[in-house]
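Enquirer: Feature table excerpt (TrEMBL):
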- 72-499: domain 'Major facilitator superfamily (MFS) profile' (DOMAIN)
- 505-528: region 'Disordered' (REGION)
- 73-94: transmembrane segment (TRANSMEM)
- 106-129: transmembrane segment (TRANSMEM)
- 141-162: transmembrane segment (TRANSMEM)
- 196-217: transmembrane segment (TRANSMEM)
- 223-244: transmembrane segment (TRANSMEM)
- 298-318: transmembrane segment (TRANSMEM)
- 388-405: transmembrane segment (TRANSMEM)
- 411-433: transmembrane segment (TRANSMEM)
- 445-465: transmembrane segment (TRANSMEM)
- 477-496: transmembrane segment (TRANSMEM)
Amino acid sequence: VKFRRTGESSRSDEDGISGEHEVQIEGVRTELEPVELEDGAAVPKEFANPTDDTFMVEDAVEAIGFGKFQWKLSVITGLAWANAMEMMILSILAPQLHCEWRLPSWQVALLTSVVFVGMMSSSTLWGNISDQYGRKTGLKISVLWTLYYGILSGFAPVYSWILVLRGLVGFGIGGVPQSVTLYAEFLPMKARAKCILLIEVFWALGTVFEVLLAVLVMPTLGWRWLLILSALPLLLFAGLCFWLPESARYDVLSGNQEKALATLKRIATENGAPMPLGKLVISRQEDRGKMKDLFTPHFRWTTLLLWFIWFSNAFSYYGLVLLTTEFFQAGDVCSISSRRQEVKAKCSLTCEYLTEEDYTDLLWTTLSEFPGVLVTLWIIDRIGRKKTMALSFLVFSFCSLLLFLCVGRNVLTVLLFIARAFISGGFQAAYVYTPEVYPTATRALGLGTCSGMARVGALITPFIAQVMLESSVYLTLVVYSGCCLLAALASCFLPIETKGRGLQESSHKEWGQEMVGRGSHSPEESQE
């Protein structure tokens, strides 16, 4: 076994200068001789791992492992993911403007819908930009866009201005999920699922921080300052994003071998880990960001099923958020019909400001996101991605059916808490699975289109959770329960399980030809 020191691994085999170390001892042969390591013995850290003469980005990422670089990346991409504050603010801003500007109910609802319209229209565009021009480029532009229009929203003089500005904020938020694409491409296989789930914690932290910020800011400074201060995480990201490297997988695919190698060496240096020996193999260059690639024979069925799964996730998640408010205000499911009749008798411009009790309820419901992360974190590498998503949908559906019973407020709270924990966990599992299943050439586009379908679900769900609820609470619950049952079946029918798989580099290879984990190659796989 020949070793090379990490600092000298940059020398090419054609340089004519060998980086191999020979020990000059008098009376002893000076050429390198085979060295036998005992089973399980670790290679000294100052030497590089023995590999073949060539290696791919996947091999380098696995060899370097998880370390200081990935911890920094987790925090920075997590700041982008804390844009949940821009979503959570909708539930706080709507009643405030309803009272302050005397807006009718349909204008208040439109203020929420326009954000989802912006997200839906831009998700595929940001995915295409990330595949064409780089993950870092797409993420930076979308975050800076969201930051600019988010702050500008605080200065909106009239309703029409804030409507347009919040729509532009939604347009920018549509690109923030690309942070998951960039993040996933730097993670070793064993850490990928856990790490992607852990940055989802930033989403939950963002929602909790928004509620706490509203408690402090709304009574004193008002909603304009709340809009401005809600952009703080994105402002921090904007200051730190220049540290982010471009994805090495993207650079290799686009033919920029030197830049990819420099990025991998930088990660190895920060982690204090060795680089593999040999040359970095340039993958076959492909057209990137083409919609037709999502519908090749290998991925057509996967794409269609994932679109429905993402649609169902957002449809059910945001539907539950809306239903929670209705259920809590009514006291229980059976009281909703009578309460609706009382509300209809009132003037449509009657308004009520959010109270301290309302903020407390908002805080409790958002805290259910954390158990969802923990449960998903525990099961996703045990039972796999597909079964995790299916289980999450089934539990949500079961809790929805239990709401048919006229349960008291305490039992109602528990059921809503469990349902939200699992549907948020299913959403997180989808964020793990989607970047894993698509090859590098279409990974960002695949995630972008799935995110766009999720926004379609978010757009439709108010008509079910609010309009249909006026007619029949039971029919509303059947719609959500039935949708999640179908989504559970769709999860089971996904043709590819990505648990224990390396990220696929080329769309010209079928699943099973990629690395299944270091040290687990079969001879046939090695030849391929």
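Even glycines carry a Cβ here, placed using N, Cα and C.
Source: prediction; values computed, not measured.
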Enquirer: Which residues of the chain, 6 or more past the ends of the transmembrane segment (411-433), have a CB below 8 A from one of its CBs?
Expert: 177, 180, 192-193, 196-197, 200, 204, 306, 309-310, 313-314, 316-317, 320-321, 323-324, 327-328, 332-333, 364-365, 368-369, 371-373, 375-376, 380, 385-386, 388-389, 391-393, 395-396, 399-400, 402-403, 450, 484, 494, 498
Enquirer: Summarise the model confidence on the domain 'Major facilitator superfamily (MFS) profile' (72-499) as a single mean pLDDT, whole number.
Expert: 81
Enquirer: At a threshold of under 8 Å on Cβ distances, which of 196-217, 223-244, 388-405, 445-465, 477-496 pairs most often with the transmembrane segment (141-162)?
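Expert: By the under-8 Å Cβ criterion, the transmembrane segment (141-162) pairs most with 223-244.
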Enquirer: Check the transmembrane segment (106-129) against the transmembrane segment (196-217) for contact, please; criterion is three or more CB pairs under 8 Å, pairs 6 or more apart in sequence.
Expert: no
